[in-house]
Every structure is written in structure tokens, then in C-alpha cells.
Amino acid sequence: MRAGMSLDDPSSRRQSYRAKKEENRKELKHVKIDAEVVAEKVELPKKRYYRQRAHSNPFSDHQLEYPLSPNDMDWRKLYPYFYDESKGDMTKEVTIADIGCGFGGLLIDLSPAFPDKLILGMEIRVQVTNYVEDRIIALRANNVKTNAYQNINVLRGNAMKFLPNFFHQAQLEKMFFCFPDPHFKQRKHKARIITNTLLSEYAYVLKEGGIIYTITDVLDLHEWMAKHLTEHPLFERLSQEWEDQDECVKIMRHATEEGKKVERKKGDKYVACFKRLPTPEII
Amino acid sequence: MIHPFQSVASNSDGSLLFFVIKNSILVYSVKDSNDEFKLVGEWSDEADSTAIIKEKVTKEQQRQLAENTAKKLKANDGTALPQEHKEAKIPKPGQGAPPIYQYIRNVKLSRDGKWLFACTDSDKAIVMFEISAEDKNNCLRLAKRQRLPKRPNAITTTIDDKQLIVADKFGDLYSFGVNDDQPCVNPEPILGHVSLLTDVAIGLDSNGKQLVFTSDRDEHIRITHFPQSFIIDKWLFGHKEFISTMCLPVWAPELLFSAGGESSIFSWNWQTGELLDRFNIAELIQPFLTENHLAPDRFQNKEGNLIEYSVSKIVTFDSLPLIAFFIEATKAIFTCQINRDSGKIALKQVLEVPYNVVSLACAETTGELIATLDNQNSHDKNFVAFISMDVDKFHINQSKQQKFDDFINSRLSDNEIANIEQEGIYPLYHVASLRKRGEH
């Protein structure tokens, strides 16, 4: 079977759906949506048109767009509502990142919980990113009066390679790693999103006291992530009591698509949260 | 014919030269007064990787068997299937697979000139030698062979030469005690990029603390504290193509020069993170480009005139505010003057050598440049170009080159390893393949 074809979903229909949405995205992705223009309700995207294989090789050279440096990132395009025309600058910067945000469930639940924070999802799969974009466009359009969902957006990117191109040192307050690809094979462990070496990069973009949230339904991966985070000198595990009172943990447990899937299957969900410690004295 | 020299290193005053031919290292001493050469050391890598591969394959087989047992493979009637225990085979590359070269990629001396380190290619190891001038038979004393999980690509040492720092093609960086008796068995990386590491360097900040610099194929230069390698100092942003070479001058510890797959040499104040200058070489290099620099067919434009070239290496001297560099597969060596205060780069000289430069080293204290050349069409002449400073100008030392050619011909013309037929040339050009081609 040719790639992009599926039996119950003739490619022509999917192609035309994707083309239409693409047009829509071009028009609405980077603009403040005008209440006058969007009179009728925008339909939420249908997930079945965005199916893509579940894995993407983080080592390969994708055709990615990323800024030359954090100073070169044009955030206005992602959060037009937070751009101050008179000052020519953003009124806020991104402080919450959902790495590998998938279909965007967490972003959408975090949005009303943190209306004053800018939240960014990063996703490596093109079609999945498109879905989240279309979902946010529809939600923004349908909530024009309240300006809801203006504080979230998504971009296609390889966070394992290019995270420092987007964020300044100590810019982030929270980073989420929800149901990451488990990469079971030992040979593939470097492809995991939590490794000793990548944790130093996360520690660089997180401010002191910032939190890393992890959740997975794979016990082996949970233990691996907890082990590496615990061993890293710049992170400290937070207690069960802390987890129980934290709002984000609550949202994370129930919001994400993967989380819901696990719930339906009555599977286990393992959570571990870590605090960014102060940088020690340089020796 | 004698194989071209793939790589070269020089001690600081140019009195000892280390050359790589295929899987062997040759050490020559040079008497300054009359350019008299003498073989003082040699070593050939006869390591047989079969045993190691076998060990690996057997280990993997055992792991799979254990996994299958755990899964309890059963036949349809429910009885446990017997497990096969064939002896693990050593995989042989099939037709069309890239050839395996048992060769030495590069060599590097410790800062004090007392150690030589060599990166082997398919064997994925660092070979460490103590250099003993007293030993009249062979100055290279093999100390140990440090194996790595992935191919090593670049090496440096800490300021005190106590630690060897190795960057590999998987993006990981390792540190090994130079004086440790035994090689490290299961080395863990001290830092990593999710990208092939192309170069590594060590620098000192204004408080005298060490930092390690790593460059990669994804345009990144990362600066990390050492030994606290979990604390990142900063990234230097500005490159738009892969980086192949970095150079930290002794005469200005805050400066860094870098270059790679684009037409500029970058000058940085790495302590502030500021990009000080971008020296464009597009026009200078024009006369030296050939059809070998045309982009591969798959990535060529409609007109068929897309040219791609890469800076292969930048070097500097201990006391002269100069840099020298060359572009892969060209016959030119460029030298530039650096303004010590502004970091600005200005062209000093363009030197044309008889054949393409393969590798470049410098004798830091005497200001001599040693370039090995792709002389496979020369009938065993012009192995090396010696470029020395004479009243503020560089010139190619023809007589030294001549003497060296004569010496090599008399020494190597019946050497088994060095003599080859045309098809036996080991890869001389690696840098161009670092260019990224976006897949999807």
C-alpha cells in the first residue's frame, strides 16, 4: 500500500481535507482573529485525517524551521494577542513547554489554568502538529469574545536538537514530558527524551525552582526517567505529597490523549516530578 | 606509488613530525640546521577486530535468547519450543555496503608534547602513546587502547594534560585519565549533543576555570563547564551550516574561531558570547574551486552550477596573532591577521601548494605550517608542503620539501604498508559529507 493511503479513508478525501485545512492555517495561524470575520462556529479538526506513524527518528535531518537563536524567534506569530504594537515587543514570554505535545490535550487543559502564562507545545510529527494548530485555530475562533486559548500554541520541532535555539537560559518555569516514546531497545536509549546528557540542556533552559513533569504508562521508562533525573546534580525529586497537591499533576494525569487512552484501558500511570536546583559554585 | 599522508601533527617547535599513512603512524625528526630527516618512531595498527565483534555478537545472541526464554516461545500445542544455540556469526558487509577501512583518522599531541593520541576508524578506539625521546629504536611507546561505543572524531586534552577529552560521531563526549594504567571498560559520556560532534576544545575563563567547547553538525557550538559538565555556560549562535573546526588562540584566551560548511570564518568573544567578525572567503576561494566542488546530482540545481565547499581546519600559533585555514579539496592555504582587540579578521596571504591539502598542522612556537598533500598523481613527489615565516611573510620552503620527498622515497619505496595501487587510497576527504540534507 502506498504511503498516505488507507482503506477506509480514501486518500483523495483526506488529501482534500488536508489541503483545505492548510489554506485555513495559512490564513489564521498568525493573526488576531476578528470577531466580525468569524461569524459562524469553526469546526474542530477530525483526528482521523491527521494520522501519521507514531514514531519519528530524532537523529535524522528533518526539514525543520527553527530560529538562529532565541533572540531571532518571532513569538508574535504564535501569540499575536500578547504582542504590543506600540512597543513593538511581546508582553510575555513562553514559560511553560510541553515537549512532544502530541495531539495537544495537555495544552488545551493548561490554557485556562494558566491564563497569564504563555504555553508552547513542541511536536516532531508534521501531521500531528497540523492537527494541534487546527485545533487551536478553531478554539480561538470559537472563543473570540473571551480571548481564550490565546496563550497556547504549537510548533513542529526537534526539541532534542534545537531546544536552545528557542529558549534563553532560565526562561522556563515548567517542562512537561508526557507519555514519551519508550524506545524499548537498549541500543535506542539515546533516542529517549530523558537522558543524562539532555537533562543538562533542560536544566539550562529551566529557571531555579522550575519543575520537570514526567508521566508514562511504561513502568520501565518511568524508572529510567526517575533514575536519570534523580542522579542529575541539578534536579531533585519532589515528594508524593507535593505531587498530590499540584494542579499540573492533576491536569497531566487526566488531560492528555495518551492519559485518556490508558484510563480507558484501566492501565497504570506513573508520575515523577523534579525541581531544578540552584547551580552550584563553579570549581 | 606511496600512499598520500592522511593526517599530520607536529610538536611545538617542529622538530618531531607525526604522519599517518593508512593504519600506520610514522614519526620523523627534523634537524633544523640542514632539514635532515630521520625516522625515530613507527607503529602499525594490527588490531584484529574480529574477536571484539564476535564478543559483541555473542552477547547480543545471549540477550535475545534470554528474551525469548522470558517470553516462553511455545509451539501451537503448548509445548515449549527448543531454543537454537547456533554459534553467533560475525556479520560480513554485503555487496554494495560501504567498505570497512581499518585506518587511523587523525592524530593529536598532548599540550606538553609527551603523549600522542590516535583515533582509529572502524575499530572505534583511541590509541595512546607515550613519546620517549630516549628510546632510539622507536619513540612511540604504546600505553593503551581505549575502546569507545561509537566512532571517535576529535580529541583534546585538559590544560594540565591529565585528562583526554574525546568527541564521538554519536554526539557524546568522554573524558579519560591519561595516566590511568587500564582503559576504562564501560565509559559513560560527560556530555552529549543529539548530533554528530565535529570538534572539541578546552578554554579557560577569566577566573582560570576550564570550559569545554563542542561543535556539531547542527550549527551548534556549546560551551560547558569542566569538570562540572552538567553546567552549560552558553551556546554560540550564528552558524547556518555544520561546523567542522574550532580554534582557541593562546594569545587571546577570550577569542574563538570557527568555520564549516559556509563561506565565512567566524570570530567570537566566547566569554561574552558576541560574534565579532565574519570573514567571507567566497571570492578568495573562487580560483581554487573545481568540478569536485559541484553539489552531488541529487542536490544539484537546475542550472547544474551549485557549488559547495567547506572549511576543513583552522590553526593558530602560540605568539603570532594569525590564523591559517584551508578549504577541503583545494590547493590553497589562507593566512589571516587578527586584530587582538576587535577580533577582526584580515587577509594576510594566499599560498598555493602543488596539490590539494589533506591535513594541516602547525609548529606553534616557530610559526611553521605543515600541510600534507593529495599527491597521488605526482609520481611520489610533494608529500608535504612546509610553509615558514620569513620577515613577516610566509613562503613555501621548496628545498625542505625536496629533501623530504627524497627522504620519503628512499625510506618508503619498498615499504609494504605505504605502497599501494591507485584503488587502495584511503578516504582523504571527509568534511563535505557533513552537509545536512533535509529529508522531510
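Placed from the backbone N, Cα and C atoms, the Cβ positions cover glycine too.
What TrEMBL records for A:1-26 is region 'Disordered'.
In the three-state DSSP reading, A:ILE124 (S-adenosyl-L-methionine binding site) counts as coil. The 10 Å shell around the Cβ of A:ILE124 (S-adenosyl-L-methionine binding site) contains 21 further Cβ atoms across the protein chains shown. For A:GLY100, A:GLU123, A:ILE124, A:ASN158, A:ALA159, A:CYS178, A:THR256, A:GLU257, A:GLU258, the entry in TrEMBL reads S-adenosyl-L-methionine binding site.
Feature annotation from TrEMBL assigns active site to A:ASP181. For A:ASP181 (active site), the Cβ neighbour count at a 10 Å cut-off comes to 18, with all displayed protein chains included.
Sequence-distant contacts of A:GLU258 (S-adenosyl-L-methionine binding site), defined by Cβ-Cβ distance under 8 angstroms and a gap of at least six in the same chain, are A:GLY102, A:CYS178, A:PHE179, A:ASP217. A count of other CB atoms within 10 A of each Cβ picks out A:ALA159 as the most crowded of the binding-site residues A:GLY100, A:ALA159.
Of A:GLY100, A:ILE124, A:ALA159, all annotated as binding-site residues, the residue with the shortest Cα distance to A:ASP181 (active site) is A:GLY100.
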